[in-house]
Amino acid sequence: MSSYSSNIDRLQREIARLKADDSREMSKEKQAQSKAHKAQQAISSAKSLSTQKSKMSELERATRDGAAIGKKRADIAKKIADKAKQLSSYQAKQFKADEQAVKKVAQEQKRLSDERTKHEAFIKQSLSSMRTTASATMEAEEEYDFFISHASEDKEAFVQDLVAALRDLGAKIFYDAYTLKVGDSLRRKIDQGLANSKFGIVVLSEHFFSKQWPARELDGLTAMEIGGQTRILPIWHKVSYDEVRRFSPSLADKVALNTSLKSVEEIAKELHSLI
């Protein structure tokens, strides 16, 4: 709770308590006035001097009590007025703070919307660029079942064994160690591989998250998936859901294979079953 809200709650409670005090004092004041009125009437109708003196004393006491109560009620009224002024000030500040918070949320939503629009434009541009590159080349283009996007540090630990298992099952793989030849343009061959693969396997690992080139391949695969030309198949390699989500929330929501739960052969069979 903000300091404004806590002060508003406190002042509202204090004002309510003071009003309750004033209500009790008002009842006492009415009683004192009633006593004074009765004493006044008794004095007028008294037949003896002693009765008059007694009723006069009652009138004086009731008058003093009424005056004291009136002074107390005036003090309470002043306190209520002071606290009402403070309450109004805090309420105005709270209203201004709420307005600023709403404005900040709206600005953040606009920023996220602008970022999403820019990212979508980038993906569309990437898709257009890949199509142009694929159209401009005169080389015979080979089609692949799988394009494997990975960090070089994961080759020996996992990727090489996965490629071998898939090839043993008869799958055609775009894998840089097998597909690229001396003198090839790396970017052109990667774009061709992306454009001519049915599925894009993305090996998500700590190494993958820290590399620029795999991230560029992932953008290309995302563009192809949006265009309906391929599907991204994520494999989690020694990473958690939170780590994947920090890198890409959309990838974290995809059904993924996990090297911690399945062997290389089991993963290869599941992937091959999609062809």
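Cβ atoms here come from the backbone N, Cα and C positions, even for glycine.
Here Swiss-Prot flags 17-66 as region 'Disordered'. The compositional bias 'Basic and acidic residues' annotation in Swiss-Prot covers 17-32, 55-64. The annotation compositional bias 'Low complexity' is assigned in Swiss-Prot to 39-48. As annotated by Swiss-Prot, domain 'TIR' applies to 142-275. Taken from Swiss-Prot, the feature NAD(+) binding site applies to Ala151, Ser152, Lys181. For Glu217, the entry in Swiss-Prot reads active site.
A 10 Å cutoff on Cβ-Cβ distances gives Ala151 (NAD(+) binding site) a total of 19 other Cβ atoms nearby, all chains included. With a threshold of 8 Å between CB atoms, the same-chain residues lying at least 6 positions outside the compositional bias 'Basic and acidic residues' (55-64) that come near it are 32-33, 35-36, 39-40, 42-43, 46. Taken together, the residues in the domain 'TIR' (142-275) have a mean pLDDT of 78 on the 0 to 100 scale.
Summarised by DSSP class, the composition of the compositional bias 'Basic and acidic residues' (17-32) is 16 helix, 0 strand, 0 coil. Secondary structure by DSSP for the compositional bias 'Basic and acidic residues' (55-64): 10 helix, 0 strand, 0 coil.
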